[in-house]
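Some notes on the structure that comes next.
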Amino acid sequence: MEGRGLRGGCTTDAPPLHTSKPLRRTAFNRLFAVVYFSAVIALLFRHVRNLSLYSTTSFLSFSITLSLFISDIVLAFMGATAQAFRMSPIRRIEFPENLKRIIKDEDFEGLDVFICTADPYKEPPMNVVNTALSLMAYDYPADKIPVYVSDDGGSALTLFAFMEAAEFASHWLPFLQGTQYNGKEPSSLF
């Protein structure tokens, strides 16, 4: 099955951004669904038969059978909705390196990233700083991805950590651009 990907523009010779391939377990998933729905239909048939044949039973047994019938209908519905995701599973392979060949830097959309923090003891400032540095290290045009930090607690510790991180970022971000290192946060190295 030929994968489909975003082509960007009118050119047909542009490389794909992703391909999709069906998984081998699709036949087993469909066989399981047939067996599952056969069992559900047999169970519901048994409930309907019990409700219609035994009309002379007590109110208690009728209400128990009816409640079991309703619960089985609900569970059958939940099972049917879960099976929808298993009918045709696929595997996507992404090619992010082709993005620069298809779209120019000025055509990227702007992304606003908000980092919210409140308490430096529950959310250590080092983790928040690592998040901000990781976002700034994305392979995305720097003028299109502003990073905002909202410190609701107004902590001096978080402010100091970000002042130090700003100085560190002047060395860290050029280091990442000059290497093929995949880890974007400094704590993965230190």
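Placed from the backbone N, Cα and C atoms, the Cβ positions cover glycine too.
Here TrEMBL flags 27-47 (among others) as transmembrane segment.
As annotated by TrEMBL, transmembrane segment applies to 59-82 (among others).
The annotation UDP-alpha-D-glucose binding site is assigned in TrEMBL to K122, E123, D152. Packing around D152 (UDP-alpha-D-glucose binding site) is summarised by its Cβ count: 9 other Cβ atoms lie within 10 angstroms of its Cβ, all protein chains included. In three-state terms derived from DSSP, D152 (UDP-alpha-D-glucose binding site) belongs to neither a helical nor a strand segment and is classed as coil.
Sequence-distant contacts of E123 (UDP-alpha-D-glucose binding site), defined by Cβ-Cβ distance under 8 angstroms and a gap of at least six in the same chain, are T117.
Excluding the listed site residues K122, E123, D152, the same chain places T117, A118, D119, P120, Y121, G153 with Cβ atoms within 8 Å of the centre of the UDP-alpha-D-glucose site Cβ atoms. Its own atom aside, the Cβ of K122 (UDP-alpha-D-glucose binding site) has 8 Cβ atoms within 10 angstroms in the protein chains shown. According to its DSSP assignment, K122 (UDP-alpha-D-glucose binding site) is coil.
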